[in-house]
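Engineer: Okay, handing you the structure first.
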Amino acid sequence: METKQFQAESKRLLEMMVHSIYSQKDIFLRELISNASDAIDKIYYKALTDDSISFNKDDYYIRIETNKDNRTLTVKDTGIGMTKEELESNLGTIAKSGSLDFKNEVEMKDGQEIIGQFGVGFYSSFMIADKVTVFTRALHSDEGYKWESDGEEGYSIEPYDKQDVGTEIIIQLKENAEEVNYDEYLEEHKLKSIIKKYSDFIRYPIKMEVTEQEPQEDNEEEVVDVIEDQTINSMVPIWRKNKQELTDEDYESFYQEKHFGFDKPLSHLHISVDGMVRFQSILYIPEQLPFNYYSQDFEKGLELYSNGVLIMDKCADLLPDHFSFARGIVDSEDLSLNISREILQQDHQVKLIAKNIEKKVKNHLLSMLKNDRDKYEKFYDAFGRQIKFGVYSDFGANKDKLKDLLLFYSSSEQKLASLKEYVERMPEDQEHIYYATGESHDRIEKLPQTELVKDKGYEILYFTDEVDEFAIKMLMNYDDKEFKNVSSGDLDLEDEETKKEAEKQKEEHKDLLAEMKEMLGNKVKDVKLSTRLKTHPVCLSAEGDVSIEMEKVLKQMPDNQNIEANKVLEINSKHDIFQSLVHAHGSDKDKVKLYTNILYNQALLIEGLPIEDPVALTNDMCKVMV
Ligand code: ADP
Ligand code: MG
């Protein structure tokens, strides 16, 4: 007999399981049954693709047994079993899928939540077990093995003469405690109700001996207890069922059984298509953002079944990137079982299904936006950025599909608004859709550049996500209305009289402005008198395609090509500081230079741009103070 230590992560997880005070202990059975079902799936799949193996449906089942005297609960399956190596790597270390995510998350959350949020798989049996024993024999293997552990330090493995291929897991229940009566896991009705609740849609029979009361043969009046072998689950995959037969709870428990995400799904859609391609699908939109969603680690994809047999865990080709948040399954009778990953990408059927799914998800979201605004905003809060990325990426190939799903914070409504809502509210004389960019609503609220647009009574959309402006530039316009940054150089909102006055002033102060421009060199493209500023002394605006906010984002990119906005320093001629400049002009060049520098740096600060030389700036400010 060999004894081995658990891997460090496993130990931590096990410790939590053993000392768990988690209220939903019942889920251990769901975990073991779903592993058993996976194991049968694997053998079924092999048989379908390998002529040397035959699959007789009756030979494949999951069986639950209890022994009240020994206080043990057994979960048996006729699945593919495990080799010695598989036993070690699968049960000695934290396996794949749900458990791997867990590994990353374990530092961040407390144990209670972890168990609720992740399928912690096989180890969850230690919530109720003092000792777990696994007997298993792999397909095409002559040897069986026994694995045993108390869930503390390590486990032991030894050869074991097991007759049939498959796995048998024996749980030695913990001693009953004041708060928990572990004996309930020996009770028929308790086990039945857990199976019904969590594992009803498992495709293989979950069998159990059940005591039924039947009338006596010779005396109909009297009843006797008869023990019958029963299949507890309904076995019809949930996606094959009629929508009308299913409740929200059914969908929720399927989501949990499949470990599609944290908590409850925000929304689900059940699709059944019978056209050019036939398929059924259940898709979910998670409520919470997966912790690695906006990172390289996140893998999109749907479970793909061919006529009820799982052929791929995460088929990425079924989902466009802009809807990568969707989780769920697709089952199609038109797909070949032998389909390989490479062929799948080219497969015509898969392409048709993907197209269909994209359309359905889009319409689902649009109708949520229309009919359940709160829910949609919850969705958007988590996944809105992905939609914006979708508008922007692939050179805008998907922008028209996605534009109506966009929401931005509105200056006038003080809440999120869609572009459609914005355009419908536009006053007649307004030609453009205005937006302002910044770190936060508060910051944007205070931007000097918004003054003129707000004065005109126009609504401004606030862009606080880095991707916002890039997405909007890709979109270019909505309903023929062009987007305009309130900081762009050519707002053209002034009335004729203001314009005339501005021309006059410009002429009058030509020399001063030219001198200031010269002093700033190529830090700015121009120095102008502003027509948009009402109370603030200065601001920066940008000419051309690249805005100041975009410059900031581009500068952070690893392969930044030093793309800069064409900045224009705008001075408010009605501000007192401008009069001081006019005074100094022609008599005190140093003072003009000093003021110009300070004003330029102030404008940078307002934009949230870095000050090139903070020491020089503070020195300049001291000069003004003394
Ligand atoms: P997961 O199911 O998420 O991979 P688990 O902890 O539930 O994680 O199971 C770990 C692994 O152990 C499984 O992936 C599978 O390879 C193996 N396993 C568990 N139970 C069985 C079983 N009944 N038959 C065959 N293999 C099993
Ligand atoms: Mg599992």
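Positions of Cβ are set from backbone N, Cα and C atoms, glycine also.
Relevant sequence annotations retrieved from TrEMBL are reproduced here:
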| type | residues | note |
| --- | --- | --- |
| BINDING | Glu31, Asn35, Asp77, Met82, Asn90, 96-98, 117-122, Thr167, Arg341 | ATP binding site |
| COILED | 495-522 | coiled coil |
| DOMAIN | 24-177 | domain 'Histidine kinase/HSP90-like ATPase' |
| REGION | 1-341 | region 'A' |
| REGION | 553-626 | region 'C' |
Engineer: Return the single residue from the binding-site residues list (Asn90, Thr167) that has the minimum number of other CB atoms within 10 Å.
Structural biologist: Asn90
Engineer: With every protein chain in view, how many other Cβ atoms are within 10 Å of the Cβ of Gly121 (ATP binding site)?
Structural biologist: 23
Engineer: Over all shown protein chains, what is the count of other CB atoms within 10 A of the CB belonging to Glu31 (ATP binding site)?
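Structural biologist: There are 23 of them.
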Engineer: What is the number of other Cβ atoms found within 10 Å of the Cβ of Asp77 (ATP binding site)?
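Structural biologist: A 10 Å sphere around the Cβ of Asp77 (ATP binding site) contains 27 other Cβ atoms.
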Engineer: Please state whether DSSP places Glu31 (ATP binding site) in a helix, a strand or coil.
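Structural biologist: Once the DSSP labels are grouped into three classes, Glu31 (ATP binding site) ends up as helix.
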Engineer: Counting only residues 6+ away from its ends, which parts of the chain sit with a Cβ under 8 Å from the coiled coil (495-522)?
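Structural biologist: Hits for the coiled coil (495-522): 528-529, 531, 569, 571, 573, 581-582, 585, 589, 592-593, 596-597, 600.
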Engineer: Helix, strand, coil: count each for the residues of the region 'C' (553-626), based on DSSP.
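Structural biologist: Helix/strand/coil tally for the region 'C' (553-626): 44 helix, 6 strand, 24 coil.
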Engineer: When the Cβ positions of the binding-site residues Asp77, Asn90, Gly121, Thr167 are compared with the atoms of ligand 2, which fall under 6 Å?
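Structural biologist: Cβ under 6 Å from ligand 2: Gly121.
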